[in-house]
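Notes follow the structure.
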Amino acid sequence: MATQRGFAVLWTASSLSNLADGVAFVSVPLIASTLTQDPRLIAGLSLCYAAVRLLLALPSGVWVDRFDRRTLLSCANILRGIALLALASSFYFCGPNLLALYLAMAFIAVLESTADTAAFALLPQLVSPEKLDQANSKITATQLITDEFAGPPLGGYLFAFAAAIPLYAMGGLWAVAGTIALALPRSARPAVGSGERQRIWVEAGDGIRWLMKHRLVGALAMISGLASIGYMMAFSILVLFAKERLGLDSTGYGLLLAFSALGGLAGSAITPRLRRILGYRNSILGSLALGSLSLGILAISTTALMAGLMLALYIMHAVIWNVCSLSLRQRLVPEQLMGRVSAASRVLGLAGLALGSVAGGLLGNVNLALPIAAGACVFALCVALAWLGIDKEPEAVSQ
C-alpha cells in the first residue's frame, strides 16, 4: 500500500511538472519575441538551456546519489517555482528584461537536470521490478498529454492576456509539484556508501566507468545517443518540411504534431503487454526498426495524411523504446550508482540532440527530405547496435 501511494505521489508531481514544461515550450519563446526581434537571441534561449543541462548533468547525478532523493526532487521543483514567480513579479513591477529571462532559464535548467535524475532514481524504490514497465508507461502517457496537448495551448492562451501570466502559472505548477513530492515515503532514500566522499568529478567518473564496463546498459546508452541524433536530424527541420513539402500552414503543422502524439498514447498503452509477450530484446529491436521505417517513409511522403501516420508510428516507437530502456536501467543499475549512471546516459542523449540539430540544419540546406532520410539510416544503425549489444533477453542478465 505504501509503495502504491508513493508512486501515486510521484506520478502526480511529475504530471504537474510536465504541464509546466508544456506551458514553457510555447510561452517562453513568445515572451522572448516581445523583448527582441533578433532570431539569434530568441534561439539562444534554447541553446543556453541545453548547454547548462549538458554541463550540469554529471554533477546532478552525483547529488542524487549523495543526498535524500525525495528532498532533492521537492527542492528542485519548489526552487523552479520560486524562480519563475520572482521573474514574473520582476516583469510586472520592473518591466520585462531579456537578461533576466536568460538567467531564469539557466537556473531552471540546472534544477531540471536534478529533478529528472532524482525522479528516475526514485521510481525503482516505489514500485516492484515487475511493475516498472507499467509505471514508466503511465508517466510517459501523462507526459505526452501535458507536454503535447494541454501545456502548449494553455501557454499560448495565458500569454494572450499578459506576458507575465504564463510565468506565474509555471511557477505555481512547479511549486505545487515540489510540495506534493514531500509526501513521498521517507524510505525512498538512496543507498549511500559508508566510505569518505570524494570530489564530485571523481564520483561522477564512477558512474561513467560502470556504464562503460556493463555491456547491456552501455549499449542502451550508446543507442540513446544515436537515437537522439536521428530524432533531432528529422525534427529540427520538420516545420519547414511540413510547410514546403506538405503545404501546411501553422495551424496544420500544430494539428500534425497533435495527431502524431496519439501514436505515443497508443505506445504507452501497449508497451507493458508487448514487453511481456516479446521480452525486452525483441521489443527494443522492433521499436527501433519501426523508428527507421517510419522516418524512411516520411522522407518520401507528399501528403499530410501519410506524414501524420508515419509521425504517429515514429512517436509510438519512441515511447516503446523509452519505456523499455528506462525499465531495464532501473532493474540493472546498482542502487548506489543509479543517479550517476543515469546522468552519464543523459549526457550522451543531450549531446546527440545537439549534434543532430546541427546535422539536420546542414543537410536540410541541401534538401528538406535529406535529414529525415538520414535519420532513418541512423535508426537502422541503432537496430544493428541493439542486435549486437543485447544478445540475449536482458532479464537473464545478472546485475
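The backbone N, Cα and C atoms fix where each Cβ goes, glycine too.
TrEMBL: automatically predicted annotations, no manual curation.
Marked as transmembrane segment by TrEMBL: 41-64 (among others).
What TrEMBL records for 84-111 (among others) is transmembrane segment.
Per TrEMBL, the feature transmembrane segment maps to 157-184 (among others).
Long-range contacts of the transmembrane segment (216-241) within the same chain: residues 253, 288, 291, 295, 298, 318, 321, 325, 328-329, 332-333, 341, 344-345, 348-357, 359-361, 363-364, 368-369, 371-372, 374-379, 381-382, 385-386, 388-390, 394, 397, each at least 6 residues beyond the stretch ends and with a Cβ under 8 Å from a Cβ of the stretch. Residues annotated as transmembrane segment in TrEMBL: 216-241 (among others).
As annotated by TrEMBL, transmembrane segment applies to 253-271 (among others). Non-local neighbours of the transmembrane segment (253-271) in the same chain are 133, 137-138, 140-141, 144-145, 148-149, 239, 242-243, 246, 283, 304, 307-308, 311-320, 323-324; each lies 6+ residues outside the stretch with a CB under 8 Å from one of its CB atoms.
Residues or ranges marked as transmembrane segment in TrEMBL: 283-300 (among others).
Per TrEMBL, the feature transmembrane segment maps to 306-326 (among others).
Among residues of the same chain six or more beyond the transmembrane segment (347-366), those with a C-beta under 8 A of the stretch's C-beta atoms are 50, 53-54, 57-58, 221-222, 224-237, 240, 374-375. Positions annotated as transmembrane segment by TrEMBL: 347-366 (among others).
If you look up TrEMBL, you'll see 372-390 (among others) marked as transmembrane segment. Long-range contacts of the transmembrane segment (372-390) within the same chain: residues 215-216, 218-220, 222-223, 226-227, 229-231, 233-234, 237-238, 241, 280-281, 284-285, 288-289, 291-293, 295-296, 298-299, 356, 359-360, 363, each at least 6 residues beyond the stretch ends and with a Cβ under 8 Å from a Cβ of the stretch.
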Any residues 6+ beyond the ends of the transmembrane segment (84-111) with a Cβ under 8 Å from its own?
-> 28, 31-32, 34-36, 41, 44-45, 48-50, 52-53, 56, 60, 76-77, 163-165, 167-168, 170-172, 174-175
Sort out the residues at least 6 away from either end of the transmembrane segment (283-300), same chain, that have Cβ-Cβ distances under 8 Å to it, and list them.
-> 223, 227, 230, 234, 271, 274-275, 306-307, 310-311, 313-314, 316-318, 320-321, 324-325, 369-370, 372-373, 375-377, 379-380, 382-383, 386-387, 390
